[in-house]
């Protein structure tokens, strides 16, 4: 299929070339950029809706500001694909999120036009403020622009940064990309005129002069003058909250109208004083009918047909782990009216949309606010409820202090379903669930579980629902299950007890999580090589099954631990127990397989696990090496002594 014709975009491969174009050409450039974006993402998959919504804004920013000297920071980075196309990466845009290709987010190592990496939300204003202060300290006249969506503004970190920026009176431009307004975008000449007026140098100079005069008045008159001015501006614009934080507010303006965007951005650029917030109203999926009609379904997409918008979905061999969690929790909630669910702006991603349909009054979406979500759940637990605080592994990191201080120290029975455990493929290191086992198993009294398949996940949901002695977590990966038979309802597992899945005599493979299937495949291959192999499912990283570990250590020559986590997790706890229990004293050969001590780049999960040695081949190779055998399983001949 031929690529779309983009004659203007072809002339603007970098921002300096873009800035050479006359303003009257920019609307056509934006349309070509939108066409290129749709065509590229249709072949790669990725985040489409957010990028379509900021096409005109991206063109305007790079036309008005002197990037990369001026810094543009994209919060989260979902919307940065148009930015990548315009900043010298168009020739690689069809490698998005592929192994060895472009990242799906901004990335410092990828381009000088990406001054700050992003993927988690609400960091842009803090980073931008740091850059703005650094520029001032260095005597630079650099503009720093943070582009943040209204969803990211639900996180407290954004307001902490704005409060600090206002107090410092820093030269920082924040663009609030509001794509979720319940009213239509502002239209007409009056709206555009007001935005130009309040962003202009004359208005702001008069306003500053009036402030200086007002400071000489009695305080009660100062307050009245300030409130009158705020009321008058808020009548047209509505920026009182941001003004209270010390920002000069401009907007709202139509983010798809370059005739409105360009003069406002120029005015703000040319006025070198204090922090400014520009409120821009956009539409997710703008310019592509299927995405406009169903913005939620086109936030993140698989490959799709550009004409019909139909997404390609590979056939599922089994329900996803996320769906199994959601349906299992519904089943438990039918038996226990104390069960409630908490999510931090990810009801669909965590499967709690299903729970919400069944129990709308027992699910709470707190927004992008993981810290609040954890302590909110702790409050529910303190009153006798059974909160399931479902958060992706990577996002639980944001609420770790609350996990320690508000949940663990008080031993409150908050349940933590941890989705996206292990590698997540195309989203790369920013979204990998590598660290939760380590940072949760370090906490006294915390029960830490990992499901090896979808049936085990159902058992762990039931176990967590029944467990009231303290905090408990269970982790499970992204993607489909392995296709095992599912019980109608899970069983309650004995805390701290694993299970033997396959009996052997020489080699023991102890798995924590869904690498169990690879361990079973490795056991078959090892058996064919004459190495009788036991496979065990640990189930618990804390408390460990000491009896199971003793048996594996005493009855086998080789013990290999296998997990989908970073250094310091399950294997570390097993090794500590082996050492303190004296089980290493008799010459047991112990090996630990885990994620490498690097941030693995994006790629296909299977290939990434193979790279880490966490597939069947890697496990077999590890056992052979421990027994001094070659890759065919033959005993290696001793190296002859040479004088």
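Note that Cβ sites are derived from N, Cα and C of the backbone, with glycine treated the same way.
Here's what Swiss-Prot has on this protein:
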type	residues	note
BINDING	78, 119, 120, 121, 151, 152, 179, 288, 370	thiamine diphosphate binding site
BINDING	150, 179	Mg(2+) binding site
Next item on the list: Counting Cβ neighbours within 10 Å across all chains shown, tell me which of the binding-site residues 78, 120 comes out on top.
Entry: 78
Check: Just checking: which of 78, 120, 179, 370 have a Cα that is within 10 Å of the Cα of residue 150 (Mg(2+) binding site), counting only these binding-site residues?
Finding: 179
Notebook entry, point to check: Counting every protein chain present, what is the number of Cβ atoms, excluding its own, within 10 Å of the Cβ of residue 150 (Mg(2+) binding site)?
Noted result: 15
Margin query: Let me check the 10 A CB neighbour count of residue 151 (thiamine diphosphate binding site). How many other CB atoms are there?
Written below: 20
Next item on the list: State the three-class DSSP label for residue 370 (thiamine diphosphate binding site), counting H, G and I as helix, E and B as strand, and everything else as coil.
Entry: helix
Check: Tell me which residues of the chain lie with their Cβ under 8 angstroms from that of residue 370 (thiamine diphosphate binding site), as long as they are six or more apart in sequence?
Finding: 344, 391, 395, 396, 398, 399, 402
Check: Does residue 179 (thiamine diphosphate binding site) have same-chain partners at least 6 apart in sequence with Cβ under 8 Å from its own Cβ, and which are they?
Finding: 50, 53, 149, 150, 281, 282, 283, 284
Notebook entry, point to check: Across the listed thiamine diphosphate-binding residues, 78, 119, 120, 121, 151, 152, 179, 288, 370, what is the farthest Cα to Cα distance, given in whole Å?
Noted result: 33
